Amino acid sequence: MDESRKKKWVAWAVAAAIFVVLMLVTPAIPQDEAYHHFADHRTLFLGIPNTLNVISNIPFFFVGVTGLILCHYKDYFRLSSQGELWSWTLFFAGVTAVAFGSSFYHLNPNDATLIWDRLPMTIAFTSIMAIFIIERVDERAGAKSLAPLVIAGVLSIMYWSFFDDLRPYAVVQFVPCIAIPVMAIVIPPIYTHSSYWLWAAGFYLLAKVEEAADKPIYRWTHQIVSGHTLKHLCAAMVPVFLALMLAKRTIEPERVSLFQKWKISLVTVRERRSKDRSTVDVDCNYAVVSNTSEQ
């Protein structure tokens, strides 16, 4: 076994060990029934219960289908490997399925229907992790990790469904939320337009804030729109930014991380300010000398 493969196995073993320790030392997290009690439960038209929470999922369908088509239409996204192609295909398939799963859940919110809301989201989350491993760590390792990651995500949903314990699902959902922005900033990218990852992460974070503030937002907007409806619209912007990134990006000629670019920009700004101050000091000294000479 070569050194690089050994390191990969060690990394997976450490991750598995950490997960097992967390499961042993942390208490179970049951699904709170209050989660299903959303602020806006109006039936506005066509007899659709919870109307806005249902129809606000429509953007996921259009973005997901568009992404699926462009993944396979005339190599529009210029995906460089089969691993990338199938990872992005699975991501956009998950996004498309969110439109149906989340709509189904919001027609009748309960634990049984929530499974179909979370399942496609989990597929999208885990696909994104595989994509990041392909792009930032190792192409072959990322491609091989796609199936195990997706299976782990599906198992986390099944575990919650059978044992009413959200801990594995919380790991699957929140680890990508932390790992992806960090990797996007620290690890040099293969492709250009890497900042689009941060825009996507920003909109997802905003969506989670709106979800938590469901009822306050409903009050602040005088019962026009709830935080959960806005959450759907903001979350749908995540695949929008990622599709734009895929359409615009090219191979990065010089692999430099965003952190390094920001560091270089900061140094450049400081040097400019230092030069400007030096110029001002010289001008001031010249003015003083000129006034003294005239006197």
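Positions of Cβ are set from backbone N, Cα and C atoms, glycine also.
Looking at 3-24, 113-134, 179-200, the stretch flagged in TrEMBL as transmembrane segment turns out to be 113-134.
Below 8 angstroms of C-beta separation, residues 31, 35-36, 81, 83-84, 87-88, 90-91, 93-98, 100-102, 104-107, 141-143, 145-146, 149-150, 152-154, 156-157, 161, 169, 172-173, 175-176, 179-180, 183-184, 239 of the same chain, each at least six residues beyond the ends of the transmembrane segment (113-134), sit close to that stretch.
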